[in-house]
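Residues or ranges marked as repeat 'WD' in TrEMBL: 9-50, 51-82, 93-134, 135-176, 177-218, 225-259, 260-292.
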Amino acid sequence: EDPSLERHFKGHRDAVTSVDFSLNKKQLASGSMDSCLMIWSMRPQMRAYRFVGHKDAVMCVQFSPSGHLVASGSRDKTVRLWVPSVKGESTVFKAHTATVRSVHFSSDGQSLVTASDDKTVKVWTVHRQKFLFSLSQHINWVRCARFSPDGRLIVSASDDKTVKLWDKTSRECIHSFCEHGGFVNHVDFHPSGTCIAAAGTDNTVKVWDVRMNRLLQHYQGNAVVNSLSFHPSGNYLVTASNDSTLKILDLLEGRLLYTLHGHQGPATCVAFSRAGDLFASGGSDEQVMVWKTNFDAADYGDVLKTQKSGTNVDGTHHTLVEMDCGVHLKKTKTQDSGRNHVQQEEETSLANTLEHIMGQLDVLTQV
């Protein structure tokens with residue numbers, strides 16, 4: 001079955017810049033050039049919340065891993081942390097000296113990484129919004145920054161046409177990928193943490209292996225790519241482009257699976273839900289759309305099972321690498337039953353499990 005349009009949200013008064021699902025899929029957050037943050041309920045007949053606070057365009061939004069907070073970055077140079085409830089309370093902190101383009105939580109929910117037109121990437125503690133350190137080797141606006149799934153690395157994408165990989169502990173830039181022929185709009189880590197994908201104004205999507213620092217895949221489109229998101233299985237990638245389309249790429253086959261037309265005008269942002277059964281997109285047409293994934297009607301758990309014995313993106317066998325996705329999915333399923341008080345403990349145990357897996361991986365790599 002092809003992906004299909006499931007819901008359609010109208011309420012923003014200007015271009016949508018960013019979309020993100022909460023862990024339990026009950027809520028969807030969107031940011032817009034209209035300076036507002038909207039929280040949409042995925043349940044029919046439930047009203048949406050409009051959060052007002054930013055003094056200028058909201059460039060980015062993201063739910064914390066537990067779903068108890070939403071972070072937003074704005075052209076007003078601040079970052080806000082919101083409680084996604086009726087009251088919509090928020091704390092605000094002066095984060096950068098220019099527009100904040102990107103906010104991203106680490107998978108343990110403890111840290112936040114922000115990227116800005118002031119050419120820096122900054123890391124903060126979520127708890128007290130305490131500034132930790134700056135990464136400043138980009139020589140132009142930084143459009144996007146993301147933590148790796150294990151929290152050890154940070155990747156950033158910039159208008160200086162580079163994607164930089166940073167070691168969070170040493171705060172050093174460990175590699176610069178310079179193959180893009182234009183500004184790099186968006187970058188993200190593969191769920192396994194072994195690859196990154198970047199989207200650019202040169203109409204391409206490039207996938208690199210971050211262990212060998214080599215280009216694995218290159219997709220040439222016919223329009224500027226604004227945003228991308230990996231499916232939790234790690235097998236698919238969805239992109240949003242200026243030609244108003246969303247495209248779904250099959251990473252295992254290295255080909256384009258679907259082209260979706262829904263938006264009028266540029267598609268600006270796109271994101272899969274944490275379980276992968278839905279994805280959301282936003283556009284310059286002020287609309288937020290939610291799509292049913294459909295292209296793998298089998299339970300994604302099965303996809304993961306087959307993948308563990310299968311090959312990785314670069315064609316090499318990696319049995320352990322895929323495991324963190326599996327763990328992630330099991331956790332997501334139990335959390336879906338709405339037991340909020342268990343979430344915190346589960347996140348800690350998830351973090352510990354991941355740490356254990358990464359430890360094993362390290363041993364393996366050394367061997």
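Yeah, the Cβs are placed from backbone N, Cα and C, and that goes for glycine too.
Within its own chain, the repeat 'WD' (135-176) has Cβ neighbours under 8 Å at 98-99, 101-102, 104-108, 111, 113-117, 119-123, 182-189, 191-193, 196, 198, 200, 208, 210, 213, 324, 354-355, 358, counting only residues six or more beyond its boundaries. Ranking 9-50, 93-134, 177-218 by CB pairs under 8 A with the repeat 'WD' (260-292) puts 9-50 at the top.
The average pLDDT for the repeat 'WD' (93-134) in the predicted structure is 97.
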